[in-house]
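So that you can see what the record holds, here are the features copied from TrEMBL:
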type	residues	note
SIGNAL	1-26	signal peptide
DOMAIN	27-326	domain 'Plant heme peroxidase family profile'
DISULFID	Cys37-Cys113	disulfide bond
SITE	Arg64	site 'Transition state stabilizer'
ACT_SITE	His68	active site, proton acceptor
BINDING	Asp69, Gly74, Asp76, Ser78, Glu87	Ca(2+) 1 binding site
DISULFID	Cys70-Cys75	disulfide bond
DISULFID	Cys119-Cys322	disulfide bond
BINDING	Pro161	substrate binding site
BINDING	His191	heme b binding site
BINDING	Thr192, Asp245, Asp253	Ca(2+) 2 binding site
DISULFID	Cys198-Cys230	disulfide bond
Amino acid sequence: MAVKIPTMSALIVFLALLSLSHSCYGELTPGHYKDTCKDLEKIVFGIVQREFTKNATLAPLLIRLYFHDCFSNGCDASLLLDGPSSERKARPNLSVGGYELIDAVKTELEQKCAGLVSCADIIALVTRDLVFLASGFKAKYEIPMGRFDSFVSLSSTVDLPGPTMSVSQTADMFDKRNLSVDDMVLLLGGHTIGVTHCSFFKDRLYNFQNTNKPDPSMDPKLAQELRGKCPDKSTFDGTVNLDQDFFSSNVVDGSFYRQIQSSRGILQIDQQIATDEKTSEIVRGLAKGNGDEFFVRFGQAMARLGSVRVKDKNNGEIRKSCRSCNTPLMCATS
Ligand code: HEM
């Protein structure tokens, strides 16, 4: 619900400052709900497994939703708030989905552990379980909990990297969130699953950096194939798999790194990390071996992403519905 009366603008600024203030980030602990909602993980996994069986695209949707929520203003479920100018309305978030799964989990938890489990923790848990399922039970990680939900969600504050940014620019954005270059390379491994619209990489197929030629860092055979799927003048914005490994484009595994080493990355940033001096060694390490290292390290990086700028009880709440604040007047979404 939007704040409508003019005097509320001061409140919005106050809430925004409160939620951005570095000094009040919350603490996360493993087993945070063990005394208050002891069956939490079992309840969540049951719902996630049931829904994943019906719709496997929930895995890429939630992995991306988790990244977008955590990266912009912290892991505080600000992305879930409905509102005329809330984060959901920002361009990079228009193709984010999976909100109904979070709602389904929240509804069940409000019956079994009312008012106890934050929406931000639900996002982290649901994503963790989907990574486990989509990796064929291989990527299993602990996710500390205790996040609170924010009161502020403004599309104007959405701050996400774009696919044509350089590795250094992207690394700076991760660094501002206390995530290292290693974390960045591991988390970009999230592109082992899911799809991208043609519009995010079409420039690489036809007129790369105004050269009237395709991006020379893309395998010419792949570029030709992709031109068939993303015709130059077409107004229809199709999609292609981010991981071009035919056998594992819908699976969370380390194949993404082998693909980018073979010049088969789709987004420009994905391809760049294979050759940039800051990241190429890390990519080489992850591309080697049977992938066990990736499963462990990807999970650890996902957990670290989950601790970015988390809120505590002083600047957040446990929402009853993930789409709105408990007291709508306290909510800044426009
Ligand atoms: C660092 C810079 C990143 C950039 C520039 C970027 C950009 C993109 C773009 C342009 C898409 C396609 C969106 C669309 O077509 O609607 C996408 C999809 C996706 N991204 Fe990223 N991304 C980044 C990092 C990440 C990270 C860190 C993760 C996960 C931890 C992630 C997970 C995903 C997933 C799973 C999809 C597929 C979504 C689906 O199929 O619905 N991305 N990303």
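Positions of Cβ are set from backbone N, Cα and C atoms, glycine also.
Keep in mind that this is a model prediction, so the values were computed, not measured.
Everything TrEMBL records as a feature, shown here on the structure.
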residue	record	Cβ contacts under 8 Å, 6 or more apart
His68	active site, proton acceptor	Leu79, Glu87, Pro92, Asn93, Val96, Val158, Leu160
Cys75	disulfide bond	Tyr66, Asp69, Ala120, Ile123, Ala124, Arg147, Leu305, Gly306, Ser307, Val308, Arg309, Val310
Pro161	substrate binding site	Phe71, Gln169, Thr170, Met173, Ile269
His191	heme b binding site	Leu242, Asp243, Phe256, Ile266, Leu267, Asp270
Cys230	disulfide bond	Cys198, Phe201, Lys202, Leu205, Gly238, Val240
Asp245	Ca(2+) 2 binding site	Ser255, Phe256, Arg258, Gln259
Cys322	disulfide bond	Ala77, Leu80, Tyr99, Ile102, Asp103, Lys106, Cys119, Ile122, Asp149
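In this structure, the recorded positions that sit close to ligand 1, with a C-beta under 6 angstroms from any of its atoms, are Arg64, Pro161, chosen from Cys37, Arg64, Asp69, Cys119, Pro161, Asp245. The distance from the Cα of Gly74 (Ca(2+) 1 binding site) to the Cα of Cys37 (disulfide bond) comes to 24 Å. According to DSSP, Cys70 (disulfide bond) sits within a helical segment. In terms of C-alpha distance, the listed recorded positions Cys37, Arg64, Ser78, Cys113 place Arg64 closest to Thr192 (Ca(2+) 2 binding site). Excluding Thr192, Asp245, Asp253, which define the Ca(2+) 2 site, the same chain contributes Ile193, Asp243, Ser248, Ser249, Val251, Val252, Gly254, Ser255, Phe256, Gln259 within 8 Å (Cβ to the Cβ centroid), listed in sequence order.
Following the DSSP three-state reduction, the secondary structure of Thr192 (Ca(2+) 2 binding site) is helix. Distances between the Cα of Asp76 (Ca(2+) 1 binding site) and those of the recorded positions Arg64, Cys70, Cys113, Asp253 are shortest for Cys70.
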